[in-house]
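Enquirer: Handing you this structure, nothing more for now.
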Amino acid sequence: MEFMHNLIPTVIEHTGNYERVFDIYSRLLRERIIFLSGEINDPKADTVIAQLLFLESEDSNKDIYLYLNSPGGSITAGLAIYDTMQYIKPDVRTICIGQAASMGAFLLAAGAKGKRESLTYSRIMIHQPWGGISGQASDINIQANEILRLKKLIIDIMSNQIGVDKEKLALDMERDYFMTSSDALKYGLIDNILVRE
């Protein structure tokens, strides 16, 4: 049964006398939807960036929808996605489904202002960057300084994106800071909670 987890669902589209089969992610991409699920790493970031650039080339005036269900991951991979979101012309709407933790929360907050959303029972978590450090004392010092630099960068960007004072944000990020969708709305991480009308 393990092989079942590796299957990607397909969608059959009927057009006239023809049928076309799409994997579900390609079909969503036609609707300008990108789905970022799981750990954020370099290969996943490359895929998301390619999709963002492709959708911009298709229509630079229509919003792109980035659905997030992620426990977080690599800071550098997340920053690459963030930079691309800010670089392209279309607004990127971010929608949390399930969870947006750590770098996932950072990307959720990076959506276009007024277009950052969450489903009702999603959870959002922010915290400071962390990393395992080993090696010689000089290497440990270099790595520690880099983690502190990245922490300051993340706080600066998030503070600007969500309008929370840097000192408060730094204090809240000292430990895992979990929020419901309602908490995230009050905090400024999202702009709307999506409910069925």
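Glycine residues also receive a Cβ, built from the backbone N, Cα and C atoms like all the rest.
Checked Swiss-Prot, it gives:
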ACT_SITE  Ser102  active site, nucleophile
ACT_SITE  His127  active site
Enquirer: If you skip the near sequence neighbours and keep only those at least six away, which residues in the chain come within under 8 angstroms of His127 (active site), Cβ to Cβ?
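Expert: Listed in sequence order: Ser102, Met173, Glu174, Arg175, Asp176, Tyr177.
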Enquirer: So, in DSSP terms, is the residue listed as 'active site, nucleophile' helix, strand, or coil?
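Expert: The residue listed as 'active site, nucleophile' sits in coil per DSSP, no helix or strand.
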Enquirer: Looking only at Cβ atoms, how many others are within 10 Å of the one on Ser102 (active site, nucleophile)?
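Expert: Result for Ser102 (active site, nucleophile): 27 other Cβ atoms within 10 Å.
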